Every structure is written in C-alpha cells, then in structure tokens.
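K.L.:
Take a look at this one; I'll ask things after.
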Amino acid sequence: MSTDFTSLFDEWSQSYDETVLGHDLEYNEVFRNYIHILEEVVNKSKGNIIEFGVGTGNLTELLVKSGKRVCGIEPSAGMRKVAKKKLPEVKILQGDFLTFTHPFQFVDTIVSTYAFHHLTDEEKETAIRNYSSLLNGNGKIVFADTLFEDENAKSNMIRNAEVNHFNRLANDLRTEYYTTIPVMKELFEQNGFTVTFTQKNDFVWLMEATKQRRE
Ligand SMILES: C[S@@+](CC[C@H](N)C(=O)[O-])C[C@H]1O[C@@H](n2cnc3c(N)ncnc32)[C@H](O)[C@@H]1O
C-alpha cells in the first residue's frame, strides 16, 4: 500500500466532485453512471456498515439518506474535511483498509467505491481475510472499482488511453494496483465468500461477496 498518496488526495479533495460529474474528459468513462453505481452499493447494503475510502462522502451521503447506519474510514485529512462538512453528524474516522477502528458491536456490510485498487493483491487478501472474521454470518462485502477481465483486457485499455492521449489515465492504469476478476474471485472464495461481478462501465465492476455460514 503506497503511503505517499494522502497529499495527492488532500489536493484532489477540492475538485473531486467536479471529476465525478464528468468535468475531466480523461476520466469521463471511469465515472460514467457514478451515481447509479453508488445507489447499487446502497441497495445491496444492510445493518451496520463500514465504508472505506469515503473521499468527499458521496456514497456515505446516499447511505445515510436511505436510513442506513454507517461509519466511514478515510486516510486523507483533506477528503475527511470535505466529507465532514457535508455530513457533520456521521462518524468519519482516520484509517485505511487495513488499520481502522469502528464503533459497532457487529458488522453486517463492508462497502467501498473507487478505492480498493490502492492495495496490492497481497494486501487485498489480508483485508478480505480480516473482513471475513469481522463480518456477521451472511455478512457482505459490496465494492465497486476498476477491474479487468484479464491482463490482456488491461493492456488494451492502457493502449486505448495512450492512443487518446489520456496520459494521466494511462499512467494511473499502469501504476495503481488494478487487478482482474479471476484474482478477486479467488481472493473472495478462499476466504469463504461467494461473489458476483456486474459490469457498470468500461472500467468499473460491482462486486457483491456474501459470507457463507459454516455448518
Ligand atoms: C477515487 S477516491 C474515491 C472516493 C469515494 N469512495 C467515491 O466513490 O467517490 C479514492 C479514495 O480512497 C482513499 N484511499 C487511498 N488509499 C486508501 C487506503 N489504503 N485505504 C482506504 N482508503 C484509501 C483516498 O484517500 C480517496 O479518498
């Protein structure tokens, strides 16, 4: 997990909500259907919810509006400041996917949008293993993030970005830890989840992983 990202996110916190509205041409497709994607995550969430990488609090806000109980975790002070301004009544704590505290006795759902790619595949495994112990029986992980069907599909998307001179996007796809569906499937299944993947735009997939009760 990279540790030098928080200043980048502190800076982006001021313009992030314009990016998700499609004001940044390079990231237009990444954020196509953004609100619909967040709504899908809300609809699949239940009970006590922990949200990782809340950013400016857009998913948090929809969760709260639909009457759900949520605790947000966010490493960037700049992002936390924007989110807390929008949602002064919600607990938004400093932390990350691997190191965090929360106020719940039981956790029913873990959610995150556009953030899990900040972990290496090894760290993703550690996180999912931790969540498997943390979640109630039949608890869920509901994530939306950029994923690729395989390494070939990922290389094609990097090439497309380069051809379009989307250099920031191409660099992002090359340097962040974007992974593939077979890798995520394996990580969920080896930690006792069944998982479905639904494509939401050319980059983002919705992952719904349900913990299987042990007999
Ligand atoms: C692209 S933003 C997504 C924000 C929001 N979830 C959304 O859907 O609009 C990525 C967020 O993940 C956070 N982040 C980066 N690394 C993280 C980590 N290791 N654990 C948790 N959050 C992280 C960033 O600070 C940033 O707020």
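Placement of Cβ uses the backbone N, Cα and C atoms for every residue, glycine included.
Annotated S-adenosyl-L-methionine binding site per TrEMBL: Gly53, Glu74, Asp96, in sequence order. Annotated domain 'Methyltransferase' per TrEMBL: 49-139, in sequence order.
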K.L.:
Taking DSSP states H, G and I as helix and E and B as strand, how many residues of the domain 'Methyltransferase' (49-139) are helix, strand and coil?
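P.N.:
Output for the domain 'Methyltransferase' (49-139) reads 35 helix, 24 strand, 32 coil.
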K.L.:
Relative to the mean position of the Cβ atoms of Gly53, Glu74, Asp96, the recorded S-adenosyl-L-methionine site, which additional same-chain residues have Cβ within 8 Å?
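P.N.:
In sequence order, the nearby non-listed residues are Phe52, Val54, Ile73, Pro75, Ser76, Met79, Gly95, Phe97, Ala115.
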K.L.:
How many other Cβ atoms are found within 10 Å of the Cβ atom of Asp96 (S-adenosyl-L-methionine binding site), counting all protein chains shown?
P.N.:
21
K.L.:
At a 10 A cut-off on CB-CB distances, which of the binding-site residues Gly53, Glu74 has the highest count?
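P.N.:
That would be Glu74, with the most Cβ atoms nearby.
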